[in-house]
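These come from Swiss-Prot:
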type: BINDING; residues: 106, 111, 117, 351; note: [4Fe-4S] cluster 1 binding site
type: BINDING; residues: 136, 140, 143; note: [4Fe-4S] cluster 2 binding site
type: DOMAIN; residues: 121-340; note: domain 'Radical SAM core'
type: TRANSIT; residues: 1-32; note: transit peptide
């Protein structure tokens, strides 16, 4: 009996362990299938593709996707095709950005002008530094910047590293931008303001433009930025009011953007205020004209117009490739309405250097007056 009992005790654990392992297999397999399904879903067609009936035509094959992207690029109008970035200055600036662990909107947003801006000589090369990391808390449908609800904490060395990089490049005008940081109490305003101040300490002659977020409508943070010592306060409305809910993250509203531009000018009247509008998203001429009037009503000084370019097939589609002649038309209208300056063209972006050269002259003349 004792031997039998011992055998039973020795056998029972093995039996239960075997049963537990077998029972776990379906669970592990199910989790694996769910993970694979989630990955496929993330890489698959967008909701817009289902609405337009094109989801069935899509594939998850990376090679096929690359082929389709190549075919799509062939359809671009000639005026939207640019040469591949290259040159000594381009690679030197790129190395500096890497060495100092900085992010640039030029790369993150896949700007088509990166070769022209980074490839210029020492006096004209321009890079738009993106502060507060490379991950945004918002998900606008036109933007290719990475998104996450809880990005990494801001790098406390970033303001100093940014100022050091800019002093290396010997620029006379620099653009700072930021990802939206709704996870931070101040939206990142003090971090951005500190960067401006560090730059001014190292090189007082440099003119600084900041392309800031809306800080979720917290106008006190707009005051912090406006008083930081910057020269140009830029904040983009991006599109017309009617398309804003479709184009931008739900936390970004048209009226909120107007209030940011208005408050910046009220806080420091000598600031140049600036905004940018993308065309080709389905807007009408009447809507664009009204947007320009709304901007002038809040005393916005500078406006730029550029063609919306779809970063990837997961972003919203281009409704229209606007012809260069139309961009010329909007430039004329902007000047008629009283804007200080307007850069308008298919490849123009909010920090495009052509506009900076003009604004730089205006600001330096104001300093001398």
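Just so it is clear, glycine is given a Cβ too, placed from its N, Cα and C backbone atoms.
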136, 140, 143 excluded, remaining Cβ within 8 Å of their centroid ([4Fe-4S] cluster 2): 138, 139, 142, 144, 145, 147, 179, 180, 249
Overall pLDDT of the domain 'Radical SAM core' (121-340), taken as the mean: 92
For residue 140 ([4Fe-4S] cluster 2 binding site), nearby residues of its own chain (Cβ under 8 Å, 6 or more apart in sequence): 238, 247, 248, 249, 252
Neighbouring C-beta atoms (10 Å sphere around the C-beta of residue 143 ([4Fe-4S] cluster 2 binding site)): 21
Those residues of the chain, 6+ apart, with a Cβ under 8 Å from that of residue 136 ([4Fe-4S] cluster 2 binding site): 143, 145, 146, 147, 148, 151, 179, 180, 181
